[in-house]
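Peer 1: Pasting a structure below so you can have a look.
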Amino acid sequence: MSRAPGEQPSPPPSVYHERQRLELCAVHALNNVLQQRLFSQEAADDICKRLAPDSRLNPHRSLLGTGNYDVNVIMAALQGLGLAAVWWDRRRPLSQLALPQVLGLILNLPSPVSLGLLALPLRRRHWVALRQVGGVYYNLDSKLRAPEALGDEAGVRAFLAGALARGLCEVLLVVTKEVEDSGSWLQAA
């Protein structure tokens, strides 16, 4: 598309992206998928207390109090906003995913553990958000310096296919309650 002489190109959309701090990837993934800071460590800790009010050692977060929240915290946080998290069945073809009905995606991926330059033979879990902003899908992994453009629907499907093929990847679809109730996040093959 051509521009008139002197006309400036439209600026790229502003993409909200939180960087990794402590073990707060679940908090960062929530805020990144929602494209604003709605949750904090304190809010996630409050959800943990509601989920296990009588537990001395809360099973939904790190014993050290540094985060590492589980899926129940993410699901409760989204429910508190009138949203839902729908598990994607990895046996389904990605062509059945109705991306226009999905607000965003949160993936749980294996993440290598290292001490400085020394890689340890351990794997931890890491929450990552994917979201469309201004017609472009982005990888909003809090471990990235900046959002990574994935492109259109084909690009995000290719990213998901790669993550699922590497194994041990779980995918949550972030949808409205209406989309969850109607099942419209799923399209016929």
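One-based numbering along the chain as shown.
Using the three backbone atoms N, Cα and C, a Cβ is placed for every residue, glycine included.
Taken from TrEMBL, the feature active site covers Cys25, His126, Asp141. TrEMBL lists 12-189 with the feature domain 'Josephin'.
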Peer 1: Pop the Cα-Cα gap between Asp141 (active site) and Cys25 (active site) into the table, whole Å please.
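Peer 2: A Cα-Cα distance of 8 Å.
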Peer 1: Can you give me the same-chain residues 6 or more apart in sequence from His126 (active site) with a CB-CB distance under 8 Å?
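Peer 2: The list for His126 (active site) reads Cys25, Asn108, Leu109, Pro110, Ser111, Asp141, Lys143, given in order along the sequence.
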